[in-house]
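Participant: Pasting a structure below so you can have a look.
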Amino acid sequence: MVLLAQGACCSNQWLAAVLLSLCSCLPAGQSVDFPWAAVDNMLVRKGDTAVLRCYLEDGASKGAWLNRSSIIFAGGDKWSVDPRVSISTLNKRDYSLQIQNVDVTDDGPYTCSVQTQHTPRTMQVHLTVQVPPKIYDISNDMTINEGTNVTLTCLATGKPEPAISWRHISPSAKPFENGQYLDIYGITRDQAGEYECSAENDVSFPDVKKVRVVVNFAPTIQEIKSGTVTPGRSGLIRCEGAGVPPPAFEWYKGEKRLFNGQQGIIIQNFSTRSILTVTNVTQEHFGNYTCVAANKLGTTNASLPLNPPSTAQYGITGSACDLFSCWSLALTLSSVISIFYLKNAILQ
């Protein structure tokens, strides 16, 4: 103990000796406890500079800083090897401890002891280093089948411990309860999309990450229809479907499969629809057409008859000869009525 005290500057030998004797009585890792000292709490964000305030009574008094049982400064002598630590020298009375780029390892109690004429005056500061939220583990993007149970995981660090929340951001933007794990039982196609995990603790902006969930489901045909079909002109049938993965479409006329370019037929397949076009409609093209949609989860189909246009339009039925006869009869009756009215007029 005497050898250690002799290693300090002469002006600070007494202070170093007192501190060393005090610290040597403590078990390793235990902090110095001054029951008469006032305790102040300081919150500092990780990466910022912490200034722990302490003032001497006059320019001649001596001070010291301790962190737990370790001496940081004794008077003007620096005992710590940490280059981030220094004493503020704004004026002769200022003996504040400055720690640059604070980290979580700097968290804990600090004690400033000032030697007065009678007894040491001490002040304690408990430094709490706050850490912004950081998501360090989140579920990978996934592709699963409809009806499967799914658990999404989002783990984050921070001080205070961040609150974690989930949100289905597409397509419904539905919020969920807070928690590291989001359980979805029997997932449906409507629950596909992006899920956003947000970690927040008010130290900084929330940390946000996303998981994309693709839900496979068997295809469905939502609509099949055609426009007016006239011989000698083009006609088309449109088949609207849905499925994940996108379904492959096929066309049949009766039991016979149709191919693109066959007998004036053009087939255009897209992710959610297929269009069958007949470039020059003839009598052979009329009949029953079936659209088939298939992916690895299933197959479905829908049919539509392609019929020739009705020869009786605008509500008129019957043959052309019948129509001519009706017009002849109408003209004859009209002539008879006209002659009758003319005769009566002459007689009068």
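Glycine too: its Cβ is placed from the backbone N, Cα and C atoms.
Remember, predicted model here, so these are calculated numbers, not experimental data.
Swiss-Prot lists Cys54-Cys112, Cys154-Cys197, Cys239-Cys291 with the feature disulfide bond. The domain 'Ig-like C2-type 1' annotation in Swiss-Prot covers 32-128. The domain 'Ig-like C2-type 2' annotation in Swiss-Prot covers 133-215. Feature annotation from Swiss-Prot assigns domain 'Ig-like C2-type 3' to 219-307. Among the features that Swiss-Prot reports, N-linked glycosylation site is placed at Asn67, Asn149, Asn269, Asn280, Asn288, Asn301. Taken from Swiss-Prot, the feature GPI-anchor amidated glycine applies to Gly318, supported by similarity to another entry. The phosphotyrosine annotation in Swiss-Prot covers Tyr181, and the record cites similarity to another entry as its basis. If you look up Swiss-Prot, you'll see 1-31 marked as signal peptide, on the strength of experimental evidence.
Relative to the rest of the structure, where do these features sit?
Facilitator: Sequence-distant contacts (6 or more apart, same chain, Cβ under 8 Å) of Cys112 (disulfide bond) comprise Leu52, Cys54, Gly63, Ala64, Trp65, Tyr95, Leu97, Thr122, Met123, Gln124, Val125.
The Cβ neighbour count for Cys197 (disulfide bond), using a 10 Å radius over every protein chain in view, is 24.
Counting only same-chain residues six or more apart in sequence, the Cβ atoms lying under 8 angstroms from the Cβ of Cys291 (disulfide bond) belong to Ile221, Ile224, Ile237, Cys239, Gly241, Phe249, Glu250, Trp251, Ser274, Leu276, Asn301, Ala302, Ser303, Leu304.
Computed over the domain 'Ig-like C2-type 1' (32-128), the whole-number mean pLDDT of the model equals 86.
Packing around Asn67 (N-linked glycosylation site) is summarised by its Cβ count: 21 other Cβ atoms lie within 10 angstroms of its Cβ, all protein chains included.
Mapped onto three states, the DSSP output places Asn149 (N-linked glycosylation site) in coil. Shown in sequence order, Asp183, Ile184, Tyr185, Gly186, Ile187 are the residues of the chain, 6+ apart in sequence, with a C-beta less than 8 angstroms from the C-beta of Asn149 (N-linked glycosylation site).
The Cβ neighbour count for Asn269 (N-linked glycosylation site), using a 10 Å radius over every protein chain in view, is 17.
Taken residue by residue with DSSP, Asn280 (N-linked glycosylation site) is part of neither helix nor strand, so it is coil.
Using a 10 Å radius centred on the Cβ of Asn288 (N-linked glycosylation site) and all shown protein chains, the other Cβ atoms total 13.
DSSP classifies Asn301 (N-linked glycosylation site) as strand under the three-state reduction.
The number of other Cβ atoms within 10 Å of the Cβ belonging to Tyr181 (phosphotyrosine), over all protein chains shown, comes to 12.
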Participant: Return the residue, from the listed disulfide-bonded residues Cys154, Cys239, with the maximum count of other C-beta atoms within 10 angstroms of its C-beta.
Facilitator: Cys239
Participant: Among the glycosylation sites Asn67, Asn269, Asn280, Asn288, report those whose Cα falls within 10 Å of that of Cys154 (disulfide bond); none is a fine answer.
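Facilitator: So the list reads none.
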Participant: Determine the Cβ neighbour count for Asn301 (N-linked glycosylation site): the number of other Cβ atoms within 10 Å of its Cβ.
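Facilitator: Within a 10 Å radius of the Cβ of Asn301 (N-linked glycosylation site) lie 16 other Cβ atoms.
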Participant: Within 10 Å of each Cβ, count the other Cβ atoms, then let me know which of the recorded positions Cys54, Asn280 comes out lowest.
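Facilitator: Comparing Cβ neighbours within 10 Å for the recorded positions Cys54, Asn280, Asn280 has the fewest.
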Participant: So, by DSSP, how many helix, strand and coil residues make up the domain 'Ig-like C2-type 2' (133-215)?
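Facilitator: Once the DSSP states are binned, the domain 'Ig-like C2-type 2' (133-215) shows 3 helix, 49 strand, 31 coil.
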Participant: I'd like to confirm something. Which of the recorded positions, Asn67, Tyr181, Asn269, Asn280, has a Cα closest to the Cα of Asn288 (N-linked glycosylation site)?
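Facilitator: Spatially nearest to Asn288 (N-linked glycosylation site) by Cα position is Asn280.
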